[in-house]
Every structure is written in structure tokens, then in C-alpha cells.
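Beneath this line is the structure, given in C-alpha cells, with notes to follow.
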Amino acid sequence: MLQSLAGSSCVRLVEQHRSAWCFALLVLGYLLYLVFGAVVFSSVELPYEDLLRQELGKLKQRFLEEHACLSEQQLEQFLMRVLEASNYGVSVLSNASGNWNWDFTSSLFFASTVLSTTGYGHTVPLSDGGKAFCIIYSVIGIPFTLLFLTAVVQRIIVYVSRRPVLYFHIRWGFSKQLVAIIHAILLGFVTVSCFFLIPAAIFSVLEDDWNFLESFYFCFISLSTIGLGDYVPGEGYNQKFRELYKIGITCYLLLGLIAMLVVLETFCELHELKKFRKLFYVKKDKEEDQVHIMEHDQLSFSSISDQAASMKDDQKANEPFVTSQSPTSNDSSLNN
């Protein structure tokens with residue numbers, strides 16, 4: 001008897017605080033996923049880093065042996081200056097001297113990466129004025145970009161997702177949830193093909209040093225706005241039509257970001273995902289809902305009566321086959 005009561009009380013306690021338990025599991029799962037990623041990256045990349053360090057150490061030692069007139073301190077100062085310039089996107093290599101980082105097309109590409117929060121980091125402002133302007137430009141431009149993308153996605157998703165689902169649901173009688181799932185999968189496949197696979201194949205041809213995996217890696221890192229900056233297109237030696245190429249990449253990043261947001265919004269509108277997300281949300285109390293309802297003016301009696309009167313006026317105005325009669329005509333008809 002006591003065991004059954006204890007079990008029922010535990011079940012009742014879990015049901016009452018279900019959202020909190022789900023949220024705790026979500027936080028724990030996220031932390032474990034972070035640790036899992038750190039373990040995998042460390043185990044995979046650490047041996048390669050060690051080999052690279054050993055190779056650089058041997059090259060440095062060989063260079064000092066071949067040039068006895070150069071001290072190690074002088075070489076260190078030179079390398080530090082070269083690395084500092086490289087962090088600002090300036091290379092000392094002879095085959096990279098022809099590419100400017102701040103011509104119009106490169107600046108346009110930089111502005112698009114800043115506003116989309118991709119930020120490759122291969123080109124950064126050099127002057128204090130450029131850094132100050134970048135801060136002000138980002139503070140205004142990033143919310144402006146979010147507003148722009150939200151408005152564009154809201155209009156596109158009506159024609160790309162909602163209307164096709166409703167068409168097959170109403171016209172053919174299929175289940176709306178099933179049609180939405182199939183449509184989301186097809187839309188995701190088309191997006192991956194048009195903005196990942198095909199561009200990756202194009203980049204692997206246009207970029208001499210990139211294979212298909214590296215090109216696909218660039219597309220994913222860019223459209224997911226991660227922007228690590230280890231692969232940046234159009235930076236090769238004697239890149240043909242570099243200005244036009246940079247403009248095309250800017251358009252690709254903008255269109256690809258919109259396509260990614262449309263796909264994400266389509267998946268977020270699935271009924272199953274909505275139910276899954278609600279497991280982690282805090283439920284509103286009844287008192288908060290009542291206060292929220294009472295604060296709305298449109299639910300008061302005066303606003304209801306005003307809305308009813310306006311609705312009647314709109315109905316009379318929208319009736320095309322009913323002609324309004326003047327009071328004089330009504331009086332004359334009564335007299336007759």
C-alpha cells in the first residue's frame with residue numbers, strides 16, 4: 001500500500017514538473033554533446049598538430065644552419081611581423097601581391113560577411129577609424145539584416161511551403177501532417193542539391209587548391225554562418241574575373257542564407273517538432289493568462305461593441321447587390 005502511494009506521488013511530482021525535468025535533461029544533453037565534440041576534435045586533430053609543429057621546428061633549424069649570419073632572435077622578429085600582417089589579410093608572398101583586400105568588390109564581400117555574422121576573419125580593418133566604423137555598422141546592420149531576412153523568409157515560405165501543403169491537403173485529401181513532412185524532406189533535398197552539392201562542384205573547379213570535400217566544407221561553414229575562415233574563395237594567385245567572382249559569391253551567400261532559413265522555418269512548423277519543443281517550455285500560469293486577457297482592450301465590452309458595429313458597416317459596404325435607399329424614398333413608398 002505504501003509503495004503504491006509512494007509510486008503514485010512520484011509520478012504526480014514528475015508530471016507536475018515535467019517541463020523542468022525535460023529542460024534539465026536538455027541542458028545535460030547539450031553539455032555532454034559539447035564534451036563529446038571536444039574529445040573527438042582533440043583525438044583527431046592533436047596528432048596532426050604535433051606533426052606540423054615538428055615539421056616547422058625542423059625547417060626553422062635547417063634555415064638557421066644554412067644562414068649562420070642570421071640569429072634566431074632576428075628570425076623570430078621577422079616571423080612575428082609576417083604572422084601579424086597575415087592576420088590582417090596581408091601576405092608577403094610574391095604570388096599574392098596582386099590581390100588587394102579593400103577594393104570595392106572585396107569590401108562588398110567583407111560587408112556581407114559582417115552583416116550575415118559569417119565573419120571569415122581573413123580580412124579585418126587595419127585603421128582605428130575602420131574598426132570604429134565596423135562597430136557602428138554592425139550594431140545597425142545586423143538587426144537590419146535580421147529584419148530583412150525575416151521579412152523575405154516570411155513571404156517566400158507562404159508560396160514555397162504553406163500553399164503547396166494546403167493544396168495537396170485540400171485538393172487531394174491527404175493528411176496535412178504527412179504532406180508537411182514529405183514536403184519538408186523534399187525541400188531540404190532540393191536546398192542541399194542547389195546550395196551545397198552543385199556549388200561545391202563549381203568551387204572545386206574554380207579553385208585550384210580545393211577538392212570536392214573542401215568545397216562542400218566551405219559551403220556548409222559559410223551558409224551555417226560559422227565562418228572559420230580557413231577556406232575563402234577568390235584569394236588565389238591570378239584569379240580570373242576576381243571582381244565578378246566576388247560579387248557572385250556575395251549573391252550566393254545571401255541567397256543560400258535565405259534558403260537555409262526557409263528550410264529551417266519549414267521544419268520548425270512541423271506538428272511533431274512543435275510538440276517536441278513544448279516539452280522544454282515553461283507553461284503559463286492561469287493567473288498570468290487571465291491578467292493577459294484582461295489587459296487587452298479588444299476583449300472589453302466597449303471594444304466588442306465597436307467591432308460589431310464596424311463589422312456591420314463593412315458588410316453593408318461590401319454587399320454589391322444591395323443598393324442603399326435614402327430616407328426620402330422610404331417615406332414616399334410608405335405614403336403610397
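A Cβ is built for glycine as well, from the same backbone N, Cα and C atoms used for every other residue.
Feature annotations, reproduced from TrEMBL:
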{"type": "COMPBIAS", "residues": "321-336", "note": "compositional bias 'Polar residues'"}
{"type": "DOMAIN", "residues": "94-156", "note": "domain 'Potassium channel'"}
{"type": "DOMAIN", "residues": "192-268", "note": "domain 'Potassium channel'"}
{"type": "CARBOHYD", "residues": "ASN95", "note": "N-linked glycosylation site"}
{"type": "REGION", "residues": "306-336", "note": "region 'Disordered'"}
{"type": "TRANSMEM", "residues": "21-44", "note": "transmembrane segment"}
{"type": "TRANSMEM", "residues": "135-157", "note": "transmembrane segment"}
{"type": "TRANSMEM", "residues": "178-203", "note": "transmembrane segment"}
{"type": "TRANSMEM", "residues": "215-232", "note": "transmembrane segment"}
{"type": "TRANSMEM", "residues": "244-264", "note": "transmembrane segment"}
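The domain 'Potassium channel' (94-156) scores a mean pLDDT of 86 in the predicted structure. Between the transmembrane segment (135-157) and the transmembrane segment (244-264), the number of CB pairs under 8 angstroms, six or more residues apart, is three or more, so the stretches are in contact.
Packing against the transmembrane segment (244-264) from elsewhere in the chain are residues 105-106, 108-109, 112-113, 116, 118, 149, 152-153, 156-157, 160-161, 184, 187-188, 191, 194-195, 199, 206, 219, 222-225, 233-234: each is 6 or more residues past its ends and has a CB under 8 Å from a CB in it. Mapped onto DSSP classes, the domain 'Potassium channel' (94-156) shows 44 helix, 0 strand, 19 coil.
Per DSSP, the secondary structure of the domain 'Potassium channel' (192-268) breaks down as 54 helix, 0 strand, 23 coil.
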